[in-house]
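Visitor: Structure provided below as C-alpha cells; questions to follow.
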Amino acid sequence: SEGDTTKYSVWSFFPRYLYLQFSKGANAFFLFITILQQIPDVSPTGKYTTLLPLMIILTISGLKEIVEDYVSVGDIVKASNGQFLPADMVLISSSEPEATCYIATSNLDGETNLKIRQALLETAEMQTEKHLSSLSGKIECEGPNRHFDTFTGTLYLNGKSPVAVGPGQVLLRGTQLKNTQWVLGIVIYTGSETKLLQNSIKSPLKRSTVEKVTNGQVLRLFLLLLAMSLVSYVGAILWKEGHGGNIWYMGMKGNSHGLGFDILVFIILYHNFIPISLLVTLEIVKYVQALFINWDEEMHYEGNDVYAMARTSNLNEELGQVKYLFSDKTGTLTCNIMTLKKCTIAGIMYGVSSSVITESGGLSDPTLLQNFESDHPTKDYIKEFLTLLCVCHTVVPERDGNKITYQASSPDEAALVKGVKTLGFVFTTRTPSSVTIDVMGQNFTFEILNILEFSSNRRRMSVIVRTPTGKLRLYCKGADTVIYKRLSDDSLFVNETLTHLECFAKEGLRTLCIAYTDLTEKEYQQWLIEYKKASTVIQDRMQNLEECYDNIEKKFLLLGATAIEDHLQARVPETITTLLEANIKIWVLTGDKQETAINIAYSCKLLSTQMPCIQLNSKSLEATQQAINQNCQDLGILLGKENDLALIIDGETLKYAFHPEIKRSFLNLALSCRAVLCCRLSPLQKAEIVDLVKRHVRAITLAIGDGANDVGMIQTAHVGVGISGTEGMQATNSSDYAIAQFSFLLQMLLVVGLWFAFVNGFSGQIIFERWCIGLYNVIFTSLPPLTLGIFEQCCSQKSLLRYPQLYRISQAGEIFNTKVNRIFNAGFHLRRQWADVGSNGNVDTSSQSISPFHLFAQYVVVTVCLKAGLETLSWNKFNHLAIWGSIIIWLVFFAVYCFLWPTIPIAPEMTGQVSFIN
C-alpha cells in the first residue's frame, strides 16, 4: 500500500489553492473589482486592468505553494539492512538471534542512539515463505495516533492464546534498519495513519502584528474608498447640474444611472487606493528574510553542522518586538550532556573533594574504591548500588573491538552507565532477556524478567531481575519524591541521603534516588498474572499498566542517590545579561527541583546575589492566596511596574495560583518582577503560564525549549523557538524557528529581528490610462518596498549587539507606528488620489484631444520612489537599483507605450504624450 503526504494533488490543487487565496480579504476584494469590471458600461478603466495584476499575484503565490509542497511515500514486508521502513509494522522475525533488530529513530525523534526491538516468541521462527503462508490470525490495535513511544495491540493467532504487542515489537515508518541483515513485519498503519505522518500536523495559526495591522488598514482604506465614491457621486450630480450632462470628452451622452450603478463606477475608478501588490510584496519579503535566517553564519553551530531554520516566514517581524521570553532549563540553558559528578551510598557522600572527572565522563573517587575493596561496613551497599546502575536501564552497548559505545535513550542513563564503568562495574552485553556486567574482571548475568518503563507521570523506572544467585529482585531509580513515598519502614540512611540530596540540588546537580526490594516467587507470580492481564487490554492499557507497576513497586530499601552535572551551554550568561539589557523579561519554566533551578539561575546570571527573591511555596489555596496578597501589598505603588525582583514558585503552588480568585493578582505580582523562575512544572503548566501572559499583556511572547515537554508552550507563544538538541526533534518540529544554541537568540532577536521590523509598504493611486493603473502597483512601484523590507538595517550588527537597548525601539512598536504613518501620509495620498479627479485641464474642442493629464503619472511614480528613499536608513546597491531602476522602468515604458498606437490597437489616448516630457 502507499500513502500520499502532499498538501495538494493534481485534482485538488486548484480548488484548495483558490480557496486559500480568496480567503484573504485583499484578494477577495480585487476579485470583486474584477467581476464588476466585466459589467458593460460600469468600468471606466477597462475589463482587464485588475484581472492581469490579480493573475500575476495568484501565479506567483501558486508557484510558491508548488515549490514548498513536498512528496514522499509505504501485507507482509521484508526490509534489509540500511533501508528506511515504508510503513508502521509489527516485527515478525529477523535475521538476528532471538529475533532482535536494531533501528535508528533520528528521523522521528532526533535521538542518535540505536534502539533494540524483538519479535514475539510466537512468530520468531516464521522466516521462510512456507512459514509465512501458514500464518493466520489477526491483530487488534489502537487507532492511529502521534505517540512514538506507545503502542497498544494484541496478536490473535489461530489456535493460540492472545499475546500483547507493545512498542518493543513495533517498527515505525521513517526509522532505519541498522546492524541487522533483514526483518519481516506485518503492516499495521500506512500513509497518513503512520505515526510519522500523524506528527506532521499543521502548527496553530499564528498571525504577526504587522499582518493584523495591515488587514485593519486595508479595511479602513476600503471604508474610505466607499466614502470617496459617495462624495464623488454627489460631486457628479452637482457637476451635471452646473455644466450639463452632454460633455463629449467625459463620455456622457445624457444617460443617467441609479445610485448603486454610479457608486460602483467610482469604486472601480478608485480601487487602486487599496494596494493589490502589498500582500504579495510582504510575502516575498518575508520569504527572502527566512532564507537569510537559514543562511546566517552567525547562527551556524559547527559542533554538529546545524544552521538556524525558519520553519515559517510569517512571524519574522515579531522577532524584533519580543517582550517576554519563556525558556526551558535542561537542554536549553544547559547542554543536556550529563556527567556523573557525585553520589551518596549508605549515608556517605562521594566526590566531595578528591573527585576527578575522567575522559570517559565517569566519577573516580579513591575513597569509594577503598571502601569497596576493604572490609568497610558499607561494602555490600556499594556493590549493590553500582550493580543496580549497571542493570537498571535500557542502554544498548555496541562493541568495536575492545571499545564499548553506549546507545542510550536519555543522557542521564548514559551518564550513569559510563560513570560506574570507571569504577570497575562495566555493562558489557544486552539481549532481550538478559544483561551481563563485568565486575572487577568477573562476569555476572542477570535475567531480565520485566521492565517497568519510565514515564513523566511515574518519574521512575524499574526492572525485575533474577540475580546470578537465583534471587528475585526489583531495582528502581527515580525522583526523590516518588521513591521516598515507597520506602519500607526498615529502610536505612533516609535522613542522611535527604541531606545530601539538598546539597546536590544547591550545586545545580540533577539527582536520582536508588532503591531495591526482594520479591518472593509467590508474590511475583501473582503480580505476573495481573501484569499479563493489563498488558493485553486495548482500552487504557498504559493506565492499567501503571497501576499494575505501582502494586509491586513498594517497600523499597534505600541504597543512596546519584548527582549528575549538566553544564551550561556556551555564552548563556552573556546572552541572558544582554537580553535583560534589551528590556526582555525572562521566565524560566522547568520541571527540575527548585534548588537545582535556583542554582542554574544564579550560574546563568538570571538571578544575582543583590536581587531580592520572592518565594512562593504553599500547600493550600488559602496559604497561596495569603502569600500572593501579602506580597502585592508589600509592593504598594510599585505593583505592576518593573522592579529588580525575582519571583520563584513551584508547580504545586502554581496550581493554586491559577485559581480564578487569585490568578490576576499572581499575574500582577509576576509582571512586577524582573525575572521569574517556575519549578516542578508539568508540560501543561508551562503552556498555561505562557497563555496567561499572552492573553492579559499587550506584548509579544517567545517560548524556547528542546524537549517534547516544551511543545505546548512553544505552540502557545506568539513565536516558538525549538533547540535541536539531544532530547529529540519534537520541539523543533513544533516550532516556528529552530536554532542549535540558546546564545543564537541574540543574533535572531537583536540583529535579525530588529532589521526585519522595518518592513513597509506603499499604496498606488489612480492614473488615467487603464494599463498604467493596472501595472502601477505590480511593476512600477513594487521594487522599492521589496528592497526596503529585505535589505533595510537601522544600524550595523556590531552596534546592535554592543547596545542592546536599541531593541527597545522596535519592542515598543515605534518603528511600525500606524498613527504617525497615518498623519504623515494622509494628506499626501489623498492629494494624489483627488488630483486626478479635480484637476482642471485645458480642453481643445476643435481637435477633441486632451491636454497632458498623463504627465501627472511621472510625478506620482517619481514621488513614490523618492519617498521610499526618505524611508531608507541604510543605503546600499539594492536600494539604489530599486529606486532609480523603477523610475527608469516607468520612463522607458511610457516612451514605448506612447508609440504603440495604431500599430498595436491599444491606448490611443497615449499617442504623442511623450512629447510633453521635453
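Each Cβ is built from the backbone N, Cα and C atoms, and glycine gets one as well.
So TrEMBL has the following annotated:
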ACT_SITE  ASP328  active site, 4-aspartylphosphate intermediate
BINDING   ASP328, THR330, ASP706, ASP710  Mg(2+) binding site
BINDING   ASP328, LYS329, THR330, GLU413, PHE454, LYS477, ARG510, THR590, GLY591, ASP592, ARG680, LYS686, ASN709, ASP710  ATP binding site
DOMAIN    5-51  domain 'P-type ATPase N-terminal'
DOMAIN    753-911  domain 'P-type ATPase C-terminal'
TRANSMEM  218-239  transmembrane segment
TRANSMEM  259-282  transmembrane segment
TRANSMEM  737-759  transmembrane segment
TRANSMEM  771-791  transmembrane segment
TRANSMEM  881-900  transmembrane segment
Visitor: Have a look around ASP706 (Mg(2+) binding site) and count the other CB atoms within 10 A of its CB, chains all included.
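Guide: Summing over all protein chains shown, ASP706 (Mg(2+) binding site) has 31 other Cβ atoms within 10 Å.
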Visitor: Between ASP706 (Mg(2+) binding site) and ASP328 (active site, 4-aspartylphosphate intermediate), what C-alpha distance do you get in Å?
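Guide: Here the two Cα atoms lie 8 Å apart.
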Visitor: In whole Å, how far is ARG680 (ATP binding site) from ASP710 (Mg(2+) binding site) when you measure between their Cα atoms?
Guide: 13
Visitor: Of the binding-site residues PHE454, ARG510, GLY591, ARG680, which sits closest to the residue listed as 'active site, 4-aspartylphosphate intermediate' by Cα distance?
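Guide: Sorting the binding-site residues by distance from the residue listed as 'active site, 4-aspartylphosphate intermediate', the top entry is GLY591.
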Visitor: Cα-Cα, whole number of Å: ARG680 (ATP binding site) versus THR330 (Mg(2+) binding site)?
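Guide: Pair distance, Cα basis, whole Å: 12 Å.
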Visitor: With every protein chain in view, what's the tally of Cβ atoms within 10 Å of the Cβ of ARG680 (ATP binding site), excluding that atom itself?
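Guide: Its Cβ shell of radius 10 Å holds 19 other Cβ atoms.
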Visitor: Look at the binding-site residues THR330, ASN709 and tell me which residue has the greatest number of other C-beta atoms within 10 angstroms of its C-beta.
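Guide: Answer returned by the neighbour count: THR330.
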Visitor: Among all the protein chains here, how many other CB atoms are within 10 A of the CB of PHE454 (ATP binding site)?
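Guide: Excluding its own Cβ, PHE454 (ATP binding site) sees 19 Cβ atoms within 10 Å.
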Visitor: Where ARG510 (ATP binding site) and THR330 (Mg(2+) binding site) are concerned, what is their Cα separation in Å, rounded?
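Guide: Between the alpha carbons of ARG510 (ATP binding site) and THR330 (Mg(2+) binding site) there are 10 Å.
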Visitor: THR330 (Mg(2+) binding site) to GLY591 (ATP binding site): how many Å between their Cα atoms?
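Guide: Cα-Cα, rounded: 9 Å.
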Visitor: Highest CB neighbour count within 10 A among the recorded positions ASP328, ASP710?
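Guide: That would be ASP710, with the most Cβ atoms nearby.
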Visitor: Would you mind checking how many other C-beta atoms are within 10 angstroms of the C-beta on ARG510 (ATP binding site)?
Guide: 22
Visitor: Excluding near sequence neighbours, so keeping only residues 6 or more apart in the same chain, what lies with its CB under 8 A of GLY591 (ATP binding site)?
Guide: THR330, GLY651, CYS679, ARG680, LEU681, SER682, ASN709
Visitor: For the domain 'P-type ATPase C-terminal' (753-911), provide the mean pLDDT of the predicted model.
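Guide: The predicted confidence over the domain 'P-type ATPase C-terminal' (753-911), as a mean pLDDT, is 62.
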